[in-house]
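Here the structure is laid out as structure tokens; the discussion comes afterwards.
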């Protein structure tokens, strides 16, 4: 008894060392990766060590029992040899079992490796499918982002174009204002030139008048000298006539008329001298006044000429400044017009490139949408296949559960639980045995026929119940699959709408 218990404990301990509990075995199976062969070798070595330990323990037990044999005197050498032979057989069997278990464990590890590789491949395929499903949304986000950037650039270009147009309009208004001012200045210049010409004509007239006056003064001086000469000659003639008349009178009455003639001559001389002095003084005063007036007019004319010359010079300087400013504004306007043309050309080129990009992105979006629809159709087909498989699995599971519950509750045989509608397969073994021994007695045959009818009724009821339960299970699974399909379709439509 002690040897058997020890051997059982050693076998169980070695089995536990090999397989462990359920959780340990599952953890080892799930954690087995690329080092599966190494683990199998280590486990085989540990199993061999455990078997060696068990053999040593059993040998110790035999040794103790053999040592006890002289005390008990009940165990002989034949029994010991039989036990050693039995132990050798058990040990060889145990080694074979351990080797077989190690082989099975290696097969299980290889299968786990295969399943892990398949699982990784399926996970990679699932990740690729998810990435493909997520790519349209990413492409849509990229498309929307690029479209927003293009719209922002388009708005910036339009705002820059509007700003350039406003600047161009402002510069055009400034040019128009400067042109109007230039025309006004040119009109003022023409008026100043006309006034200058008029003043020059006045100056010329004044100079001519001065020359005429100078000539008149000269002629008057000459005339005054001639008048003086004529006056002197007349005075001389008068004196001569007076002398002649005085001589003639002297001949008549020299004594009486001599004082009267001298006084009369003195009076006449005084009158002529006073008249000549008055004429000379009046001529000098008129000449002086006329000369002063001419000098004043000449001074005024020279001042006006100088002012008009300064004004003309100022007008010329302003005109040159305005012409320079107009030329600069004209150059700025031309440069701005060139910039506007360049901006319009660049804007049109950018708009064309953006439209090309938008068309390409729309084509990519349509392609991704079509690919997404194809993937959705494939996913829907796979989902339909999965739901059909789930329906079948659920139906078989419900059938198996129903069979197990009926088998556990009732003591019927498995043949009575056959869901086939043929009643000939639903007969119990005792009915078949009774049909074979039907020719023994007529009473027994009738009784057996009644039992067969009852059994067939029971079997038909059971088959009808199984069929009803199967139909109920199918209806439940169909309803659940329809609900899941509807929810999946709604999710896919929502995701497609979001995309």
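In case you wondered, yes, glycine gets a Cβ from its N, Cα and C as well.
Worth saying up front: this structure is predicted, and the values here are computed from it rather than measured.
Here's what Swiss-Prot has on this protein:
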type: REGION; residues: 1-87; note: region 'Head'
type: MOD_RES; residues: 72; note: phosphoserine
type: DOMAIN; residues: 94-407; note: domain 'IF rod'
type: REGION; residues: 143-238; note: region 'Coil 1B'
type: MOD_RES; residues: 219; note: phosphoserine
type: REGION; residues: 263-408; note: region 'Coil 2'
type: MOD_RES; residues: 290; note: N6-acetyllysine
type: MOD_RES; residues: 335; note: phosphoserine
type: MOD_RES; residues: 469; note: phosphoserine
type: MOD_RES; residues: 496; note: phosphoserine
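This view paints the features noted in Swiss-Prot onto the structure.
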{"residue": "219", "record": "phosphoserine", "DSSP class": "helix"}
{"residue": "290", "record": "N6-acetyllysine", "DSSP class": "helix"}
{"residue": "335", "record": "phosphoserine", "DSSP class": "helix"}
Distance [Cα-Cα, Å, rounded] between residue 335 (phosphoserine) and the residue listed as 'N6-acetyllysine': 66
Alpha-carbon distance [the residue listed as 'N6-acetyllysine'; residue 219 (phosphoserine)] in Å: 14
Counts of helix, strand and coil residues, the region 'Coil 1B' (143-238), according to DSSP: 96 helix, 0 strand, 0 coil
All-chain count of other Cβ atoms within 10 Å of residue 219 (phosphoserine): 11
Lowest local Cβ density (other Cβ within 10 Å) among modified residues: 290, 335: 335
Segment-level pLDDT (mean, integer) for the region 'Coil 1B' (143-238): 81
